[in-house]
Amino acid sequence: MRILSLLFLLLLGFLAGNRVVSATDHGKTTDVTWDRYSLSVKGERLFVFSGEFHYQRLPVPEMWLDVFQKLRANGFNAISVYFFWGYHSASEGEFDFETGAHNIQRLFDYAKEAGIYVIARAGPYCNAETTAGGYALWAANGQMGNERTSDDAYYAKWRPWILEVGKIIAANQITNGGPVILNQHENELQETSYEADNTLVVYMKQIARVFQEAGIVVPSSHNEKGMRAVSWSTDHHDVGGAVNIYGLDSYPGGLSCTNPSSGFNLVRTYYQWFQNSSYTQPEYLPEFEGGWFQPWGGHDYDTCATELSPEFADVYYKNNIGSRVTLQNIYMVFGGTNWGHSAAPVVYTSYDYSAPLRETREIRDKLKQTKLIGLFTRVSSDLLKTHMEGNGTGYTSDSSIYTWALHNPDTNAGFYVLAHKTSSSRSVTEFSLNVTTSAGAISIPDIQLDGRQSKIIVTDYQFGKSSALLYSSAEVLTYANLDVDVLVLYLNVGQKGLFVFKDERSKLSFQTYGNTNVTASVSSHGTQYIYTQAEGVTAVKFSNGVLAYLLDKESAWNFFAPPTTSNPQVAPDEHILVQGPYLVRGVTINHDTVEIIGDNANTTSLEVYAGNLRVKVVKWNGKAIKSRRTAYGSLVGRAPGAEDARISPPSLDSWSAQDTLPDIQPDYDDSRWTVCNKTASVNAVPLLSLPVLYSGDYGYHAGTKVYRGRFDGRNVTGANVTVQNGVASGWAAWLNGQFVGGVAGAIDLAVTSAVLSFNSSLLHDRDNVLTVVTDYTGHDQNSVRPKGTQNPRGILGATLIGGGKFTSWRIQGNAGGEKNIDPVRGPINEGGLYGERMGWHLPGYKAPRSAAKSSPLDGISGAEGRFYTTTFTLKLDRDLDVPIGLQLGAPAGTQAVVQVFMNGYQFGHYLPHIGPQSLFPFPPGVINNRGENTLAISMWALTDAGAKLDQVELVAYGKYRSGFDFNQDWGYLQPQWKDNRRQYA
């Protein structure tokens, strides 16, 4: 098997090698260049270790910096970012890039401050499980014609968006001192015809021109949607529209959320794919599985054990390295929240994604394991120019082990990526590995792989000007060139390690500090240093000056290499080494003091190797800690945690309740509502009745809609109503104030119909009112039939049964429609419930004395609606990060639509009859961790059985003493209630 694969790969390498030019710069800038090996920034090769981050899903700019610091600390040097058109444009011609979390300049500034690059992805179409795939909702009603083509109507709508956002991206390119290094065109757009006049080709050329007009000069990129086609590569049928850097999206896990035994099947054909599709370009995975989304009725993310497993990161991400990938973006690295009505119907409120960084911004073990790879790629410069020697099962003494073999042609460095051939295997296997080194062919003995484990074995690996490994069976975590060369290796507890220094023929003396016993054995190619990994940290000081840290995996998870530079490209002499705490955000060295900013849940050991004997004092979050110097030069002490903090979220006892569906009453004054009087729609989806009742045709897009249809006569026996508001969405109807039916919603139905029966006793001779209230779970993405993002929302058709016609229809949605009356929270935060329109969810609103003293636990007895409000105060310590959430519960069988508002932000859409989510976290800035908070809950029943909750409780997640500034005034993000809301009754 090895011979066949090696011959094939050598043939591909020969063909590619004769077609390659190096250091391509596309004529626009030399700050970012590329060749078939890697991207280069400012003349230095870069392993792009990136994570996907969507600022829309975290509407607190200060928390972006929190996330970026955590990513930087855990080995990432870049983020990939979607810019959603719909988040910034409430109406045609209007763009908001300044208000609150719409201020994307702050995104770029924080990225630069944290020391991470940005890959910009502005669409115009994004997908991303966000409503309408990121399109502006005002445009997603059919007026764009044939979307994602060269259609003139479509071009006229998206061009202003790309120009406006493109100018801001351009101003933040690396050429202008900013962090942007790549700019993506469109998203997963499959090239279906290699013809220059094809509409997709013309469309991609249009995008390129508009981005260029906006001033973009960094290389362009695109992301192929899996191995289904080859699209927009200059190396494959380039007839126009091709980008500079071709990329392939891959979500290969095939995992079951609740069955860890299923799936876990590696893809081992990436290298061949890229050699065929983009042989002059570096291998780029713009979206590689960092988790997976869950649908309505699916699973809670915290129960997805397989996706959350650090084993996934270990095996899959190292397999990518073995495939010679040098640009990798983890989708998602932090998912965040589909707050407001930002979700597409395929997902619920949480967008946790089982990502390495939890929705609550807490670090999962998966991120800790990912860090081991990120820190390794950061210092392993020889990895950035390798040839594929071969792959297969012939490199080891056990045919159950699969090997990727990479070699750097300039330095002879080798990287052997090992995993079980059957990647889902749970077997523990011990074997020897045959490698090629500068000292000749060598068999490295006693390598052990646990089940679902991967290792990168290095040979001829330089870790200092005069320090190198001939080989090591332990994995390299990182190294530092300080006063001495410091090498950091890791293994699982109980695994055997063996390493040999290059060009060190004589046996070195050494001293060991820790629980791991190291012995030396002279061989024909140098002295072997042999050990079995014990728990904890062991330091070994060699007589050649090298200091080696030997870590077990759990200790490696808490090992950091914080940079002393803000440059995303960190040289081995531009970081120090810290072991022990939960998080190290940053370090500075001032004279004799090393100042560390970090977080800790519990008090931990703290070991700092700064490489400078003048450094005698360690400060943790501004306070000096007691420390001592070890015999090998580090400083050790204790970093305080939060175990002493008493966290008791207040109970929610004092509620006010008001009717949030007064508009179901026949005498309700709807004279200021929007009249539905259109007889034709720009939407291509056929009408089921007249007038047009598509909510988007009247400027109401997100959230609940309320319709009131009038008719005369007592002979009507019912109505046939069809509604489309996304899967899982329900609706209910009232005739002259009395409930007459509806649909509770289902996870497999976006369009629902019901025949409503009218009791003749409810009818009047004139002016009967049928009120229909519809829930909303988002606009569809492009792939959903029949028309994707244009699939209309609201009532598709309504006809009377038994004779007669509706004489009029009126609609009410979010207050102001497209006017965007709350620009801070934006156009997709609210819907059309009366309480929302009146602003009862906003801070500063005071319920009148007439409001009932009732809570969601009391609920409602029939098909009604209530809006509940209360306030509470949090007094967390100023240096504490304590994510807070709201736990809801409802009696079995409850069918209702529940929304949660925290300080005006809709941060929970709870459907107890569908699920799965019942716990809703709030980030600092949405919730005031040191101040008063306004909590509102809207609830309306989908049946005449009524609805109530049986649990409404604030809960704390973890608690962390932090050096981040959580003691902030979030008032600018929480505009107060104003009495002008009354005009939207």
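Including glycine, each Cβ sits where the backbone N, Cα and C put it.
Swiss-Prot records a disulfide bond between C304 and C257, which is the match among C126, C257. All protein chains included, Y82 (substrate binding site) registers 24 other Cβ atoms within 10 Å of its own Cβ.
Each of the binding-site residues Y251, Y353 was scored by how many other Cβ atoms lie within 10 Å of its Cβ, and the smallest score goes to Y251.
Sequence-distant neighbours of N434 (N-linked glycosylation site) (same chain, 6+ apart, CB under 8 A from its CB) are Y395, T396, A441, I442, S443, I444. In this structure, the C-alpha atom of N677 (N-linked glycosylation site) lies 33 angstrom from that of N127 (substrate binding site). Nearest to E287 (active site, nucleophile) in space, judged by Cα atoms and limited to the glycosylation sites N276, N602, N715, is N276.
C304 (disulfide bond) sits 10 Å from Y353 (substrate binding site), taking the CA atoms of both as reference points. Comparing CA positions across the recorded positions N127, A128, Y251, C257, N759, the one lying closest to N720 (N-linked glycosylation site) turns out to be N759. Between the active-site residues E188, E287, E287 has the most other Cβ atoms inside 10 Å of its own Cβ, all protein chains included.
Least crowded of the glycosylation sites (N602, N715), judged by neighbouring Cβ atoms within 10 Å of its own Cβ: N715.
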